[in-house]
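Each remark here refers to the structure printed beneath this line.
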Amino acid sequence: MSKGPAVGIDLGTTYSCVGVFQHGKVEIIANDQGNRTTPSYVAFTDTERLIGDAAKNQVAMNPTNTVFDAKRLIGRRFDDAVVQSDMKHWPFMVVNDAGRPKVQVEYKGETKSFYPEEVSSMVLAKMKEIAEAYLGKTVTNAVVTVPAYFNDSQRQATKDAGTIAGLNVLRIINEPTAAAIAYGLDKKVGAERNVLIFDLGGGTFDVSILTIEDGIFEVKSTAGDTHLGGEDFDNRMVNHFIAEFKRKHKKDISENKRAVRRLRTACERAKRTLSSSTQASIEIDSLYEGIDFYTSITRARFEELNADLFRGTLDPVEKALRDAKLDKSQIHDIVLVGGSTRIPKIQKLLQDFFNGKELNKSINPDEAVAYGAAVQAAILSGDKSENVQDLLLLDVTPLSLGIETAGGVMTVLIKRNTTIPTKQTQTFTTYSDNQPGVLIQVYEGERAMTKDNNLLGKFELTGIPPAPRGVPQIEVTFDIDANGILNVSAVDKSTGKENKITITNDKGRLSKEDIERMVQEAEKYKAEDEKQRDKVSSKNSLESYAFNMKATVEDEKLQGKINDEDKQKILDKCNEIINWLDKNQTAEKEEFEHQQKELEKVCNPIITKLYQSAGGMPGGMPGGFPGGGAPPSGGASSGPTIEEVD
């Protein structure tokens, strides 16, 4: 077959979708069943492996060997809390293989286990086939989407799944970003518009705010809940009917996997019906112990069962607005993505929240992400049509990134919600005299102290030529590429010696829950953090004052300008303070300030006398006038040996 165009694939938790940009527009491709979305399901039987509709259709007969939700496992460790809690709800087995989760199934009469990447690769391979059948050409290049909060390890694992499926993954892009691209092509606008994307799918919920101006997209903020979606609404209905069955027939079907599966399938169908009708009926023959289950549910009851979940979708909306520093009145467009946004109650809650504003439903919510991915695939593979030409895409980093400086302080180089790709450089210095190396520790998180943040990696820069503290200049650079991969490097300016690290760690960067939790905790702890920051700052200012003062009076330029008695007085007091500091690293802010006042009492009169006699200092004092000191950031000897410079 000849080589086909690049495709866009929305690899969803519950459903996937594939699109292609050709003849100047996006076409969403239907599968062999005529469906434009395909279940992200893989089933193993005695005779074959089924993927998509075929797998989902036989799930009731073969629940333990039908795998879905691989996206919830991908790029995570087995002991990840998310994996542990999800396992309780899955009919298939998840086993621990050297810290990584694998799904275990019976296939052709033997026990097999697969990594999540392998399961996802089967779904991706299916999407590739669907595209090839439609195009009549081989498809290799693809853009694959992931939730905005997927961390590095999850993105990498998704990319690996593509490789396993025989795809060349041009880029991993965020789902909301993809939806924004779909939206951007539909609505070309000149003036800047703020767009809120509300993506409630089968398994995940993402809210993103973007600005679109002259074909340029910028993600301003993202928020959400990795564990909210259509399946949760199904679960509420399933539990409701299990309880009803108990009441009517005095029997508990909850332990019977097949009965629960059949009930779930009926509930999912009823839910869809309730988006267009106010009532749905459920008829299951011989559900349990030969009992037929015929019942019905109203839209109002469905809404009541899910009231807290539906209302809860507004929390991330408020959070995204806060993070983007926007008021809800400043949002120009609200875009619905994901099948669950068809639920009338959710549309109403959202519309009411935005004071009756019209919602944008012009894009089929199930297809918007694949649509945008297809456009991005065309751009990356060099499509020259004008619809695509002037479109540029900017993503953001979900957490602040920085390094630890003296005293365990988190010094941020890249703030959260910074547009990527991005590069930031800052110069640091040594903390003690003749220090031969520095340890660069890279952290992500929003807290003031690194101990409260997440360590991503560390490396040493050695071979710094002997020099007094504060003299060497070490330039640290953080560089994030378009795929969100972080490179950190450090260079000693005097020798040109360099060392660097690429952060792609398996142990998983933070999950979305962690990020959410950290941001919430950060707000809660902000006050504590400020207090700690002030404390370290007053300690550092005292420390640099003492060291600078000592260096000043020992400077040979002052020979003969200062009498020995005064000089000794200052040195004694400085040494006393330095000794006190060594013993009192964790003192309170007030104590540091008190010690500094005591030291100034001794030094100020002598220094003033010097100034008057000399008419200004010859050649300027080393390290600036004492008390100017280094910026507040010197610190605990226990901290790493690196210090921030202005």
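Using the three backbone atoms N, Cα and C, a Cβ is placed for every residue, glycine included.
Classification of LYS271 (ADP binding site) by DSSP places it within a helix. Residues or ranges marked as ADP binding site in Swiss-Prot (evidence: similarity to another entry): THR14, TYR15, GLY202, GLU268, LYS271, SER275, GLY339.
Annotation source Swiss-Prot lists SUMO2 cross-link at LYS512, citing similarity to another entry.
Taken from Swiss-Prot, the feature SUMO1 cross-link covers LYS512, and the record attributes it to similarity to another entry.
SER2 (N-acetylserine): 7 other CB atoms within 10 A of its CB, across all protein chains. Taken from Swiss-Prot, the feature N-acetylserine applies to SER2.
There are 18 other CB atoms within 10 A of the CB of LYS319 (N6-succinyllysine), with all protein chains counted. Annotated N6-succinyllysine per Swiss-Prot: LYS319 (among others), in sequence order, evidence recorded as similarity to another entry.
Annotated N6-succinyllysine per Swiss-Prot: LYS512 (among others), in sequence order.
Secondary structure at LYS561 (N6,N6,N6-trimethyllysine), as computed by DSSP, is coil. What Swiss-Prot records for LYS561 is N6,N6,N6-trimethyllysine.
The annotation N6,N6-dimethyllysine is assigned in Swiss-Prot to LYS561.
Residues or ranges marked as region 'Disordered' in Swiss-Prot: 614-646.
With all protein chains in the displayed structure included, the most crowded Cβ environment within 10 Å among the binding-site residues THR14, SER275 is that of THR14. Taking a C-beta cut-off of under 8 angstroms and a sequence separation of 6 or more, GLU268 (ADP binding site) has the following same-chain neighbours: GLY230, ASP234. Counted over every protein chain shown, other Cβ atoms within 10 Å are most numerous around LYS271 among the recorded positions LYS271, LYS561. Cβ neighbours of GLY339 (ADP binding site) (same chain, under 8 Å, six or more residues apart in sequence): TYR15, GLY201, GLY202, GLY230, PRO365, ASP366. Around the Cβ of TYR15 (ADP binding site), a 10 Å sphere holds 25 further Cβ atoms from the protein chains shown.
Taking the C-alpha atom of THR14 (ADP binding site) as reference, the shortest distance to any of the modified residues SER2, LYS319, LYS561 belongs to LYS319. Cα of LYS561 (N6,N6,N6-trimethyllysine) to Cα of LYS319 (N6-succinyllysine): a span of 62 Å.
Classification of TYR15 (ADP binding site) by DSSP places it within a strand.
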